[in-house]
Amino acid sequence: MDTVTAALMELLTPEGGWRTELLARIVLSTLILFGYVVLLARTFGSRTFASFTSYDFLTNVAAGSLVASAILGKSIVEASLSLLVLVLLQSGVSAWSARSEAAQRLFDNEPVILVENGVLREAAMKNARVSPAILEQHLRSAGLTDVSEVKFAVLESGGKISVVKLDSA
């Protein structure tokens with residue numbers, strides 16, 4: 001076996017080799033955790049694993065990491081408890097943000113106006129790190145070909161760009 005093939009085999013083979021017990025544990029852990037995540041989503045609502053804000057996105061990344069670590073070797077009980085605490089924390093922050101402007105400012109990004117009445121707001125685009133190419137992509141997705149057709153283009157707090165067409169009256 002050449003060096004590249006040997007290195008590849010080492011990367012693709014778990015420590016101790018592929019064993020029936022390992023495969024069974026991975027499959028069972030995945031099934032159990034999938035059911036648990038579905039249960040959490042149904043219990044705490046559809047916003048639980050949605051990405052409305054950057055905070056939601058980070059919570060989802062952390063949740064994915066917890067699930068992956070449990071599937072690949074950590075205790076399912078530890079991961080499940082950690083995931084429950086994370087979901088409770090996310091639910092609490094979401095509820096607090098919905099009731100308090102201060103909390104909303106703390107946890108959510110402010111929307112940024114990128115285009116206003118057909119005029120690019122270049123400083124806002126630069127500060128938000130949105131390139132003209134990315135903006136153009138979103139304009140095309142909205143069925144527009146030129147920035148002069150845009151009333152508003154807004155980088156929303158969740159990272160999506162909303163485009164409102166200029167009235168053609």
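Every residue, even glycine, has its Cβ placed from backbone N, Cα and C.
Automated prediction, rather than curation, is the source of TrEMBL annotations.
Note that the coordinates shown come from a computational prediction; the quantities given were computed from them, not determined experimentally.
What TrEMBL says about this one:
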{"type": "DOMAIN", "residues": "100-166", "note": "domain 'YetF C-terminal'"}
{"type": "TRANSMEM", "residues": "22-41", "note": "transmembrane segment"}
{"type": "TRANSMEM", "residues": "53-73", "note": "transmembrane segment"}
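When Cβ-Cβ distances below 8 Å are used as the criterion, the transmembrane segment (22-41) is approached by residues 14, 16, 48-49, 63, 67, 70-72, 76, 79-80, 83-84, 87 of the same chain, each at least six residues removed from its ends. Mean predicted confidence for the domain 'YetF C-terminal' (100-166): the pLDDT average there is 91.
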